[in-house]
Amino acid sequence: MASDINYQDGPDLSRRDVSPVEDEPNHSPASLQQTEYERIGGRTGSSFFQTIIHLLKGNIGTGLLGLPLAVKNAGLLVGPLSLLAMGIVAIHCMNLLVKCAHHLSIRLGVCFLAFRRVVNLFLNITQLGFCCVYFVFLSDNIKQVVETANGTTGNCHNNETAVNVPSYDSRLYMLFFLPFIIVLVFIRNLKYLAPLSFVANIAMCVSLVLIYYYCLTNIPYPINLPLAGRAVDYPLFFGTAIFAFEGIGVVLPLENKMQNPRNFPTVLYLGMGIVTTLYITLGTIGYIGFGEHIRGSITLNLPLCWLYQTVKLLYSFGIYITYALQFYVSAEILIPPAVARCGPRWTLMVDLGIRVALVALTCALAILIPELDLVISLVGSVSSSALALIIPPLLQIITFHNEDMKLWEMVKNIAISLIGFVGFVAGTYISIQEIVARNSSRHNSTYLNVG
């Protein structure tokens with residue numbers, strides 16, 4: 001059964017031979033643009049409120065829970081200010097992406113196919129990277145719940161349990177989740193996931209409220225934390241922070257599905273304003289609350305009582321369902337071309353086979369890098385920086401360079417892309433360096449224990 005939501009839909013920028021409004025009479029550019037907006041969205045599209053909810057859902061995931069550690073890497077003052085700056089730039093780049101897409105499809109009717117392939121490449125890396133992070137998040141949180149279950153009490157004022165029973169390695173937990181996630185991605189129509197997605201949203205919202213409550217009611221005094229972190233750790237902050245802005249892959253689909261896409265800039269600024277506020281506040285109070293002991297996900301620092309153990313389980317359920325939604329983006333890019341090359345009798349088998357292979361790939365990569373904070377930083381540095389910072393400004397330059405683009409706009413776009421590129425290189429290098437160092441430490445520890 002084909003999915004009724006296509007992440008590649010909206011203005012088809014890949015078709016050179018067909019005008020985007022070939023069935024409409026020839027109008028002036030203004031009326032042509034209005035006609036196209038009506039055709040893309042239409043009366044059956046998403047409402048203003050629904051689009052905001054989808055935008056919030058697309059940006060609130062594991063990245064949000066990793067921001068307290070990111071603030072630690074940048075410092076109590078530098079971290080929040082940097083998050084604010086990155087939020088402003090990320091929102092600006094999302095808006096650029098929408099403008100360029102409509103300019104190319106409505107006024108020109110063409111696009112740069114090579115550029116689209118580059119975008120799809122990084123989009124696939126990003127979405128599958130998110131899925132790798134979800135495997136690590138699930139294994140770390142469920143492992144902690146299982147190992148502390150015997151000593152978990154109703155007392156949430158003490159962050160220790162009487163008994164901590166070691167269980168299996170976190171990588172074995174990933175293998176345990178593998179078949180359940182495979183079954184989940186076999187649901188090829190998102191409308192059948194809608195009820196589960198709604199429950200997952202409620203679970204994650206309740207979890208976030210309880211996390212905020214604990215952090216706000218347990219702020220230590222005096223606060224004695226560094227205002228600026230070490231320069232060598234700032235690339236890790238960059239990777240984690242840009243990973244958190246994980247909703248850029250759904251910006252165009254959401255805009256295209258609106259009943260009135262002209263209202264999308266308002267949705268974008270309002271929704272991402274809320275998201276950026278959440279990022280800054282949770283990152284700051286989470287770091288203040290747990291200080292130097294903050295971990296890759298703030299859930300791992302919560303008290304080991306039943307209330308907050310339930311928070312971990314609820315958020316884990318939400319991430320489990322979100323896996324299918326993030327996976328859907330890559331599936332819609334990779335599977336249709338492969339299915340088109342085979343006969344009708346093989347269509348279903350090829351479709352399901354690719355899904356199994358992609359899930360197995362994300363699980364294998366997560367097993368290779370079972371460090372939640374580092375895999376978040378690596379994915380953010382490698383792919384999210386390209387999608388969120390590097391590509392949109394370059395796309396605007398390529399799209400509008402023949403249309404009297406102002407010099408300051410050109411300089412601004414080049415500066416944003418350069419910042420993204422520096423973050424890409426530095427973040428990737430430091431993340432890989434830390435991964436190698438931790439793996440060496442893990443192997444040495446294992447060798448000593450065996451010896």
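Cβ coordinates come from backbone N, Cα and C, glycine included.
Keep in mind the model is a prediction, meaning the values are calculated, not measured.
Pulled from TrEMBL:
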type     : residues : note
REGION   : 1-36     : region 'Disordered'
DOMAIN   : 45-432   : domain 'Amino acid transporter transmembrane'
TRANSMEM : 74-98    : transmembrane segment
TRANSMEM : 118-137  : transmembrane segment
TRANSMEM : 170-187  : transmembrane segment
TRANSMEM : 194-214  : transmembrane segment
TRANSMEM : 234-254  : transmembrane segment
TRANSMEM : 266-290  : transmembrane segment
TRANSMEM : 313-334  : transmembrane segment
TRANSMEM : 346-369  : transmembrane segment
TRANSMEM : 375-398  : transmembrane segment
TRANSMEM : 410-432  : transmembrane segment
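Here the transmembrane segment (118-137) does not touch the transmembrane segment (74-98). Their Cβ atoms form fewer than 3 pairs under 8 Å, with each pair 6 or more residues apart. With Cβ pairs under 8 Å as the measure, the transmembrane segment (170-187) is packed most heavily against 346-369, out of 74-98, 234-254, 266-290, 346-369, 410-432.
Beyond the ends of the transmembrane segment (346-369), by six or more residues, the same chain brings 128, 131-136, 139, 171, 174-175, 177-178, 181-182, 185-186, 188, 327, 330-331, 334-335, 338-339, 375, 378, 435 to within a C-beta distance below 8 angstroms of the stretch.
The transmembrane segment (266-290) shares the most Cβ pairs under 8 Å with 74-98, out of the stretches 74-98, 194-214, 313-334, 375-398, 410-432. Against the transmembrane segment (313-334), the recorded stretches 194-214, 234-254, 375-398, 410-432 differ in Cβ pairs under 8 Å, and the greatest number is found for 194-214. Packing against the transmembrane segment (74-98) from elsewhere in the chain are residues 67, 223, 225-229, 233-234, 237, 241-242, 245, 248, 251-252, 255, 264-265, 268-269, 272-273, 275-276, 279-280, 283-284, 287-288, 388-389, 392-393, 395-396, 416, 419: each is 6 or more residues past its ends and has a CB under 8 Å from a CB in it.
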